[in-house]
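J.: Handing you this structure, nothing more for now.
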Amino acid sequence: MANNGSSKPLLFLLTGFPGLEHLHPWLAVPISLMYFVALCGNGTILTIIRAESSLHKPMYLFLAMLAVTDVCLVATTLPTVLRLFWFNVRALSFGACATQMFFIHSLSCVESGILLAMAFDRFVAISNPLRYSLVLTGSRIAKTGLLMLLRGVLFALPTPLLLRLLRYCRTNTLSHSFCVHQDVMKLACSDRRVNVIYGLFAVLSTFGIDSLLVLLSYLIIVKTVLNIACGEERLRALDTCVSHLCAVLIFYIPLIGLSIIHRFGERASPLVHILMGFTYVLIPPMLNPIVYSIKTTLIRQRILKRLQSSAL
């Protein structure tokens with residue numbers, strides 16, 4: 001399907017589970033269930049935060065931003081993944097692939113920025129609780145969200161544009177059921193140094209800096225907590241950070257794993273590539289609402305209250 005020496009292939013072919021194509025309709029059931037859980041979980045978080053005025057606080061407003069981002073990320077990959085597994089439709093045009101790639105990378109960048117903002121929220125709440133409401137005002141929270149969105153768009157926009165400049169004369173089969181920059185870039189037969197350099201710059205400027213600042217925030221938080229005399233107060237302060245720490249690990253571990261696979265895992269089994277891809281796009285949106293529902297008392301109470309009222 002790829003034109004020899006053309007600036008772009010006519011079509012890309014998405015990959016499911018190699019060697020298990022006959023089981024794709026069966027595998028589509030658990031995959032669809034994971035998408036359903038992710039959408040319902042984040043939708044529930046958003047509904048509760050919107051309906052309960054007691055949750056209109058910085059911590060929960062950032063959580064709402066995280067839920068919106070996760071819903072959008074799930075919606076970005078859902079059409080191609082379910083179309084592939086339910087109906088064995090593998091072909092995807094260059095334009096559709098580039099659009100999906102832009103949304104995946106921009107939304108991932110936005111999510112990383114929101115996790116950083118949530119770390120700052122916990123830092124202010126524990127290190128300087130008296131100024132918490134003065135520092136994290138509604139307008140500042142809104143501006144932070146817009147800034148993270150703008151950053152994601154600006155850093156992700158060049159990737160599909162740079163891919164258009166490459167020549168494609170190799171196979172047009174991707175390693176995943178969706179499009180990401182590293183995967184598409186490997187199919188090019190022209191010089192990819194600009195793409196590699198920009199990709200590294202974008203990752204270090206966003207995910208790299210965000211992760212370092214999150215780490216720095218928690219080092220200061222731990223130092224502050226250790227200075228608290230009462231052991232019970234220490235545990236209470238740290239307990240407010242558990243959900244966010246889980247969300248950070250759930251996001252960054254698959255991201256690092258996928259990056260390592262694309263950079264060093266050329267000889268790895270195709271199954272490893274596809275599993276890491278699904279972990280990257282599905283596990284954080286699916287687990288984030290579960291973690292926050294279990295570990296955040298107010299969220300858990302509101303969910304139980306709504307379940308009880310609907311059962312009556």
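A Cβ is built for glycine as well, from the same backbone N, Cα and C atoms used for every other residue.
So TrEMBL says this about it:
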- 26-49: transmembrane segment (TRANSMEM)
- 41-292: domain 'G-protein coupled receptors family 1 profile' (DOMAIN)
- 61-82: transmembrane segment (TRANSMEM)
- 102-125: transmembrane segment (TRANSMEM)
- 146-166: transmembrane segment (TRANSMEM)
- 196-221: transmembrane segment (TRANSMEM)
- 242-265: transmembrane segment (TRANSMEM)
- 271-292: transmembrane segment (TRANSMEM)
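Mind mapping these onto the model and telling me what they sit next to?
T.: Within the model, the domain 'G-protein coupled receptors family 1 profile' (41-292) shows a mean pLDDT value of 91, rounded to a whole number.
The list of residues near the transmembrane segment (146-166) in space but at least 6 beyond its ends in sequence, with Cβ under 8 angstroms from a Cβ of it, reads 7-8, 65, 94, 98-99, 101-103, 105-110, 113-114, 117, 181, 184-185, 188, 190, 192, 194-195, 198-199, 202, 205-206.
Through the fold, the transmembrane segment (196-221) approaches residues 105, 109, 112-113, 115-116, 119-120, 122-123, 126-127, 151-152, 155-156, 158-159, 162, 181-182, 185, 237, 241, 245, 248, 252, 255, 259 of its own chain, all at least 6 residues removed from its boundaries and within a Cβ separation under 8 Å.
For the transmembrane segment (242-265), the list of distant contacts is 66, 108, 111-112, 115, 118-119, 122, 180, 182-183, 186, 203, 207, 211, 214, 218, 272-273, 276-277, 279-280, 283-284, 287-288, 291-292, 295-296: same-chain residues at least six beyond its ends, Cβ to Cβ under 8 Å.
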J.: How about long-range neighbours of the transmembrane segment (271-292): same chain, 6 or more residues beyond its ends, C-beta under 8 Å?
T.: 15-18, 31, 34-35, 37-38, 41-42, 44-45, 63, 66-67, 70-71, 73-74, 77, 104, 111, 175-178, 180, 243, 246-247, 250-251, 254-255, 257-258, 261, 265, 299
